[in-house]
Amino acid sequence: MALFLQRLIDGIGNGMLYGAVALALVLIYRATGMVNFAQGEMAMFCTFITWKLADHEFGLGLPIVAGIAGGVIFGFLFGAALERVVIRPFESADHLRQMIVTLGLFLAINALAAWIFTADTQRLASPFPSGALRLGGVSVSYHQLGVIAVLLVMALALRELFGRTRLGLAIRGASMNPESSRLLGVDVSRMLMIGWGLSAAIGALAGALVAPAVFVSPGMMQTLLLYGFAAAVLGGFDSAPGALVGGVMVGVVQAMVSGYVPAVGTQLQLATAFALILMVLLVRPQGLFGRVSVERV
Amino acid sequence: MSPVLEVRGLTAGYGSLTVLRDVGLTVGEGEIVVVLGANGAGKTTTLRALSGLIPAQGSVVLSGTELLGRKADARARLGLGHAPEGRGTFTDLTVDENLRMGGLRLPRNELPAALDQAYGLFPQLTPLRDRAAGRLSGGEQQMLTVARALMARPRLLLLDEPSMGLAPQITANLFAELRRVNAESGTAMLLVEQNAAAALTIAHHGHVLESGHIVLSGTGSQLAGNPSVRRAYLGV
Ligand SMILES: Nc1ncnc2c1ncn2[C@@H]1O[C@H](COP(=O)(O)OP(=O)(O)OP(=O)(O)O)[C@@H](O)[C@H]1O
Ligand SMILES: [Mg+2]
């Protein structure tokens, strides 16, 4: 029982991170109809910024919390700038070309990070105290607890933003019906830019929170991105709550499968994410929370 | 008094296809002007060119400001409202959120009153506040589009066949309400319609558009009395 609980909690902790990456993907998908393959690499780049700000040996040695804040702010500006410079020329292009552009971004950012920073693996401190909370046979590290708390707060903040503020409403409207939005005075391009900025900022946060476990390197986000895709597909790709719930479910499934099916072990874990994507696409293509659009035809 | 809208030599189309040629018209302060035309005459094209959804040549001056060369959202911020043809609603947003989209640029403290006014204009929308706009009937969506455009308190409201899909009684109500809004707030309106009988009752001035040209102009009652208008648009 304790082992089961332990795996459940580990799964939830990891799953929240997958959920955050999925949320970043969903945000851009909802705003632009675009699947952003560069999401993980953007997050990785921002995590390097955090590392540069916080590392005592190679960077400025700021407190880690300040480093993360800097990385997240940088992420917002980076995302907005990418939208303006790289994506906007393809705003009216078909989805195939847009996806190829984001694949190109993936490669470019990856190479750029290795060139600007380092191709080596670097350490990043956790913003949370070390040690763990022990209850019976279950131990939850403060890092895990902190990650869950921070991402929950982030999710609630986003819900407020989109549900209650004018900016959030304008972003939703602009992604749903750009033409009517323009007729009401909404600068649709600017809303897309903000959407990309938010998405990249979320990615930066996820990157900084996962980095203490996986270290900082140009390839650090690639596995996480795949799990994020699985989470987004499971949640429905156009549903923000679905992304988070999907993330937690992927995390838990992963923890259980690798824990209870010895053959899967650690090497095949990625395959479970992939199998999950395939299964959802076959059985319920709109995901668990995805909406079949209510538009009348 | 200078007009709210002054259009000269407006030429516009789609790609290499020119639809409008040299259209000129004026909407005075507090006026309702109607443009009548058959299917395909270029009514929607005229409004889309005015609000910047398609490129155009000529001159379009709104309260002294040239609009051509500005983006659609910038024109809206200058006070141009546009209730588009058909269903221009945000289908996944609720009725209330659709109206709030219209009120995005209002001072916050004026929003509740503007919402009350919108629901007062179309009481049918009140019980539907929390329903997704995509789940409204065609006529209800039409009302929502008009109410949403009015939320922004435009100087000039462009209305693209607001009567389309509405029952005759609802159409009569709608036009009476438009007239009342016009009289009370002085909102100028440019209305394109095929329903000449309803539109001419509230119009100060009118034009007839055929194949992208204005072929006839006059006051509302002059047009209503014109034999060719009566034959083509009033069915008498
Ligand atoms: N997107 C488009 N691309 C090419 N041609 C178009 C387009 N939209 C309209 N047209 C053409 O422009 C002409 C005018 O169309 P418009 O939509 O302005 O007519 P309308 O007067 O609004 O008609 P209706 O009463 O049917 O709405 C028509 O001949 C139409 O075929
Ligand atoms: Mg039309």
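For all residues, glycine too, the Cβ spot is worked out from N, Cα and C.
Because TrEMBL annotations are produced automatically, they should be read as predictions rather than curated entries.
Features reported for this protein in TrEMBL:
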type: TRANSMEM; residues: A:12-29; note: transmembrane segment
type: TRANSMEM; residues: A:60-87; note: transmembrane segment
type: TRANSMEM; residues: A:99-118; note: transmembrane segment
type: TRANSMEM; residues: A:138-158; note: transmembrane segment
type: TRANSMEM; residues: A:191-214; note: transmembrane segment
type: TRANSMEM; residues: A:220-237; note: transmembrane segment
type: TRANSMEM; residues: A:267-283; note: transmembrane segment
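With Cβ pairs under 8 Å as the measure, the transmembrane segment (A:12-29) is packed most heavily against A:220-237, out of A:60-87, A:191-214, A:220-237, A:267-283. Tertiary neighbourhood of the transmembrane segment (A:138-158): same-chain residues 2, 5-6, 9-10, 12-13, 16-17, 19-20, 23, 126-132, 198, 202, 205-206, 209, 212-213, 240-241, 244, selected by CB-CB distance under 8 Å and a gap of 6+ residues from either end. Scored on C-beta pairs under 8 angstroms, the neighbour of the transmembrane segment (A:99-118) with the top count among A:60-87, A:191-214, A:220-237, A:267-283 is A:60-87. For the transmembrane segment (A:191-214), the neighbouring stretch richest in Cβ pairs under 8 Å, chosen from A:60-87, A:220-237, A:267-283, is A:60-87. A Cβ distance under 8 Å defines the sequence-distant neighbours of the transmembrane segment (A:60-87), meaning residues of its chain 6+ beyond its ends; these are 32, 34, 38, 42-43, 45-47, 49-54, 98, 101, 105, 124-127, 192-205, 207-208.
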